[in-house]
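Since the structure comes first, as structure tokens, the remarks are kept for the end.
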Amino acid sequence: MVYQGNRITVTMLEDGIANMQYNAENESVNKFDAETNKQFGEAVSALEKDDNVKGLIVTSSKGVFIAGADITEFVGSFKKPESEIKDWVVDVNDAFNRFEDLPFPKVAAINGAALGGGCEMTLVCEYRVMSDKAIIGLPETQLGIFPGFGGTVRSTRVIGIDNALELIATGTPKKPLDALKLGLVDATVPADDLQDAAIDLVKKCISGELDWQAKREEKLAPVKLNQLEQAMAFNSAKGMIFAKANPKQYPAPAIAIETIEKHVNLPRDKAIEVEAAGFAKAAKTPQAESLVGLFLNDQLVKKLAKQHSKKAHEITEAAVLGAGIMGGGIAYQAASKGLPIIMKDIKAEQLDLGMGEASKLLGKMVERKKMTPAKMGETLSRIRPTLNYGDFSDTDIVIEAVVENPNVKRSVLKEVEGLVKDDCILASNTSTISITYLAEALERPENFVGMHFFNPVHRMPLVEVIRGEKSSEEAIATTVALASKMGKVPVVVNDCPGFLVNRVLFPYFGAFDLLLKQGADFAHVDKVMEKFGWPMGPAYLIDVVGLDTGVHGAEVMAEGFPDRMKPDYKGAIQHLYENERLGQKNGVGFYKYETDKRGKPKKVADDATYELLKATTDSDKQAFDDQAIIDRTMLAFCNETVRCLEDNIVSTPSEADMAMIMGVGFPPFRGGPCRYIDQMGLDNYLALCEKYAHLGKAYEAPQKIRDMAAAGETFYATA
Ligand SMILES: NC(=O)c1ccc[n+]([C@@H]2O[C@H](COP(=O)([O-])OP(=O)(O)OC[C@H]3O[C@@H](n4cnc5c(N)ncnc54)[C@H](O)[C@@H]3O)[C@@H](O)[C@H]2O)c1
């Protein structure tokens, strides 16, 4: 035994070959937390003193190789001053450099995911051999940072600048054959042969058959590029990368490129210092704080879903009522995750439409070679379209997705309750109607919950699971488990009109409507909000949702929250709807929808819209600067989120932020509405609420914000 820790051990195998194994005790994965970093340094010191070692392999005893750094530790570390972050990174790198400099060859045996720090660990070895089941990559930019354990230095030297920039800036992990093609690994082998293959490589190094010193030398030296080559490599990378993500919104790739540009012509130790400085700069951006927070929120939401699922009944067959946009989507999603589902409608043509949509989506996957035609047939056969309730007696859960009309929903739910087994769960996909109200029509309200999918179902990750007053924990648990089984991320919320996501979205539409009334141009508002980071501005969003759906939802919300969602004027959305402009579905909403020369849908700001909007615009039109547009719409949105926390509609800021990102596309780099308020500072936020309070209750600061500001609190921990 060369070194024994509870994260890392180094043992001797045969013929002077050591095995450095990552095997974090009581953990499901290996990661670089502070303790592992410390033990790595100690293990390297032990190896430095051991004269018997002639070569070494790096292995993992877990399913993953090394998952990366411990992201929970980032929250505290990134609060430190930039210079301290840099010093910390330089310090960690010391062990990596000393490991690289050991006087014998080293081979990484990559059995599973080698991500971030895991990939960087393999890069300090001279050779890398990878199981055909593993993946490897540097996904740090997705967290608003970039590799800081020598990853930008060694990858540029090992796979070349262009490849390294692509690997780092996109953050997409590579499968074995792609990694081999890039030169990121030297061989791929079947999983069972991995250790033997690694030992074989070390032996070849020891015998001199492989020139491992030359491989190492390559990593220690500057990249030899002349000025012209360098300019070309970096300029084309910048063009490609900035076209994909706006560097103002996602600065990490830009800082990574700028850092690499500074260190390519430096030897290793100097280059590592430059990398550490760039890393610290990225770590101090608000985007890094948001994206690290988002990662942790995502983990929390998934953990909560697991906890919620504990009391779940087994679901072997489901049914959906309604084969429209949502019912068809739900049936497709269930079937594609292996769950048989009955799809019932009252109109045969709707069933044909639902099946047609499912075939179209599956057909595209076959076209892209992501599915075989046989698998497509198998998936489609899991959906059983029907016009009657014949087979409903065995079903474990029925998801109701008929038209958004409380009376129709209540009568359909009552009818189906009489036909299913006693413990069958009934779930409504209503967008706005209170679950407690719908439950009044039922004999077994404890078996009834809300299950709110988003459109398009196959793409939108969120499902709100809504607890009505009488919903049982088993019904919640079963619905949460079903959503997870369908590949979705469930968030459990309590009942109220609009639940969480739509309750927050409608005041935002209300703020948009008020801006238009006072003279703002809808196309300009869209541009400003898209620049702010939304995937689409409010006018385009309502066109996609449908103005009819919007008006209908607004009525339900106005009844539920008249103090802030019932305007005393007729807004633009209502007026356009009355003029039969329904949005994308009939080709005219705020925008006119045309097809371009290539047959792709194109939206154009329509003169007819401006003409119509004269009727709902004040005669004394005001001009708004971009910040006013952002502040007014975001206040309405964020205030309602806080009110949902106050009313216990949603339990935690983490769940609220995740729901808004996954449900309506809140800009991820801003971390969600609660993070947005934190980053603005609660006092500043409060001052903004006061500035706009005269516009109505939706803009007034909720009591929770006042209390938090007075107590100096924030939504997320500050250290
Ligand atoms: N479209 C969206 O963006 C969206 C998003 C989330 C939730 N929702 C909600 O999902 C539900 C369905 O919306 P949609 O957009 O799919 O509507 P849709 O009009 O496309 O489909 C409704 C379907 O229900 C069928 N139907 C009517 N009465 C029925 C009955 N008694 N039994 C069986 N089928 C019946 C209709 O024939 C139609 O096929 C609504 O409650 C809506 O609020 C919609």
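Cβ coordinates come from backbone N, Cα and C, glycine included.
The Cβ of His452 (active site, for 3-hydroxyacyl-CoA dehydrogenase activity) has Asn429, Thr430, Ser431, Val463, Glu464, Val465, Ile466, Phe499, Val501 as same-chain neighbours under 8 Å, each 6 or more residues away in sequence. A strand conformation is recorded for His452 (active site, for 3-hydroxyacyl-CoA dehydrogenase activity) in the three-state DSSP classification. For His452, the entry in TrEMBL reads active site, for 3-hydroxyacyl-CoA dehydrogenase activity.
The annotation substrate binding site is assigned in TrEMBL to Asp298, Asn502. Sequence-distant neighbours of Asn502 (substrate binding site) (same chain, 6+ residues apart, CB-CB distance under 8 A): Ser431, Thr432, Gly553, Met557. According to its DSSP assignment, Asn502 (substrate binding site) is helical.
The NAD(+) binding site annotation in TrEMBL covers Met326, Asp345, Val402, Val403, Glu404, Lys409, Ser431, Asn455. Long-range neighbours of Lys409 (NAD(+) binding site) (same chain, six or more residues apart, CB within less than 8 Å of its CB): Glu400, Val402, Val403, Ser428, Thr430, Ile433, Leu438.
Sequence annotations record features per position, and here TrEMBL assigns domain '3-hydroxyacyl-CoA dehydrogenase NAD binding' to 318-496.
The average pLDDT computed over the domain '3-hydroxyacyl-CoA dehydrogenase C-terminal' (498-593) stands at 97. For 498-593 (among others), the entry in TrEMBL reads domain '3-hydroxyacyl-CoA dehydrogenase C-terminal'.
Annotation source TrEMBL lists domain '3-hydroxyacyl-CoA dehydrogenase C-terminal' at 629-713 (among others).
Residues or ranges marked as region 'Enoyl-CoA hydratase/isomerase' by TrEMBL: 1-190.
Among the features that TrEMBL reports, region '3-hydroxyacyl-CoA dehydrogenase' is placed at 313-719.
In this structure, Glu120 (site 'Important for catalytic activity') is part of a helix by DSSP. As annotated by TrEMBL, site 'Important for catalytic activity' applies to Glu120 (among others).
Look at TrEMBL and you will find Glu140 (among others) tagged as site 'Important for catalytic activity'. Neighbour count (other Cβ atoms within 10 Å of the Cβ, all protein chains): 30 for Glu140 (site 'Important for catalytic activity'). Under the DSSP three-state reduction, Glu140 (site 'Important for catalytic activity') is assigned to helix.
In the three-state DSSP assignment, the secondary structure recorded for Lys409 (NAD(+) binding site) is helix. Shown for the domain '3-hydroxyacyl-CoA dehydrogenase C-terminal' (629-713): DSSP residue counts in helix, strand and coil, namely 67 helix, 0 strand, 18 coil. Cα distances from Met326 (NAD(+) binding site) to the recorded positions Glu120, Glu140, Asp298 are smallest for Asp298.
In sequence order, Thr430, Ser431, Thr432, Ile433, Thr549, His552, Gly553 make up the list of same-chain residues 6 or more apart from Glu404 (NAD(+) binding site) whose Cβ falls under 8 Å from its Cβ. Checked against ligand 1, the recorded positions Glu140, Glu404, Ser431 give Glu404, Ser431 in sequence order as having a Cβ less than 6 Å away from one of its atoms.
Under DSSP, Met326 (NAD(+) binding site) is assigned to a helix (H, G or I) in the three-state scheme.
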